[in-house]
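S.K.: Questions regarding the structure given below will be posed in turn.
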Ligand code: NFE
Ligand code: MG
């Protein structure tokens, strides 16, 4: 049957159905189903979150000042970002301000997360969709060294170094215990890199694995630990004690110098490894420009990284906010999260129930009531679902919409918004990257574009970290040691009923929490997270979500090896732990790949 969606896609579910479950190298549990035509081109796509957690429900009646610690446990990957969003929501509700130092430290922590998450995503969750590890075994280490030295002056580039890496890889393969490399589709025709590029990328996979643990020390310095650093309503929970005396764990000059050194290292890694790898690998996949989906139509960002403490206006936010709909890039709409007309969540195709008569609900009035049922056309039984029924409820992810539109969020969305607003710091690197690769502007709206935007953002974030570190030092030198305002901590001063919203740009995209406080307790708490936007199922009107849209019209070289599906879905860096935050009670049996 063929269906036209309101957001401009033609869905045809008459061809062969292919099920990928679970999708691996992501956080959480997800399943993708597609129908392919006789040429193995995707003509219908169904994306579903297969777990339920219920954090929003757990928060009811708790102290709003504790909400950050619960919401932070939504995820250990985008660690800290839910806590930051939560303290901002409570501060917004209660009119609490934070000191300048706290703003710089929060930005340093959030930007450190961006770099850590983007580096780990590219090398450890996504690169193997493009890089054939087995092919690296046949590379010439000398030629690999020459290649590396032609693209970067990174110090780890000698023939001996690559020979060593290759020997380690050979031993690993000979042991038969392939670990994370076990289920790759090695040798698939969609892998296009010469052996030397594969070996270079494998070396960087290992280097990034080592390096990522350095980045998170920034969280440990300011927040006590990682994952799940500590946060505080009204500031940050770390005193500054510059001469090293006083409180145990206080931030002193030695710690601040360590942060500066990690920032220098991550800037160098971005400049000399991550960006050159994107350019080198990208140059072999210039023809693979699928997966654009909603990016060319409707993108959304809330903005983040305030230059000035307590100023969340567009003028202060260094990451841009705005909404673009139906490909009209000349018009970037302002986003108001408090406006019930703008953001609504739909559950027509999600395993939840709304009170009678309601359709889309604004998060302040949001309801999280699980309601698992399979549609009449789902095939299989309760323990082994062979096929979901996308005409009915089919996901634990709700369907958020901006003015009724399905939106893509994430690094690419942010960079498109910045580009559309003519901001040089976003426009120039995109133009340069496209020019260097010899690609047209339209190439940005693709799986590759999404992956490249993330790398550009990692680079951008490193320089912003240097800026906020300098700002922090200057402020301390000027005599300001304050890191928290606790003047409004006395709940007797709070209004009886009040509500607030806090937002951030998490690594995967726009994130907001809405809170309603009644008699000093949480009355309602709703999180709408990046993967809820991107991984959303159909809504009441029939609009498909960003993951689903991105898979449409993609040709597959071998549907029994759904590498193309993984490439595109991984380019969003999905996190189902975040998006469902709320498993099938029966626990569905998980097949790796089923092709019928
Ligand atoms: Ni669990 Fe998260 C991010 C949030 S979800 S990773 O980034 O918020 O998409
Ligand atoms: Mg939610």
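Any Cβ shown, glycine's included, is placed from N, Cα and C.
Curation plays no part in TrEMBL annotations; they are all automatic predictions.
These came from TrEMBL, pasted as-is:
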- 56, 581: Mg(2+) binding site (BINDING)
- 75, 78, 575: Ni(2+) binding site (BINDING)
- 78, 578: Fe cation binding site (BINDING)
S.K.: As a check: which entries in 56, 75, 78, 575, 578, the binding-site residues, place their Cβ less than 6 Å from an atom of ligand 1?
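M.R.: Passing the 6 Å Cβ check against ligand 1: 75, 78, 575, 578.
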S.K.: What is the nearest of the binding-site residues 56, 75, 78 to residue 578 (Fe cation binding site), using the Cα of each?
M.R.: 75
S.K.: Cα-Cα, whole number of Å: residue 56 (Mg(2+) binding site) versus residue 75 (Ni(2+) binding site)?
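M.R.: That separation, Cα to Cα, works out to 13 Å.
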S.K.: Where does residue 578 (Fe cation binding site) sit in DSSP terms: helix, strand, or coil?
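M.R.: The three-state answer is helix.
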S.K.: Please list, in sequence order, every residue of the chain apart from 75, 78, 575 whose Cβ lies within 8 Å of the Cβ centroid of the Ni(2+) site.
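M.R.: Here the nearby residues are 27, 74, 76, 77, 79, 81, 82, 506, 507, 508, 529, 531, 577, 578.
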S.K.: Using a 10 Å radius around its CB, how many other CB atoms surround residue 578 (Fe cation binding site)?
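M.R.: Result for residue 578 (Fe cation binding site): 28 neighbouring Cβ atoms inside 10 Å.
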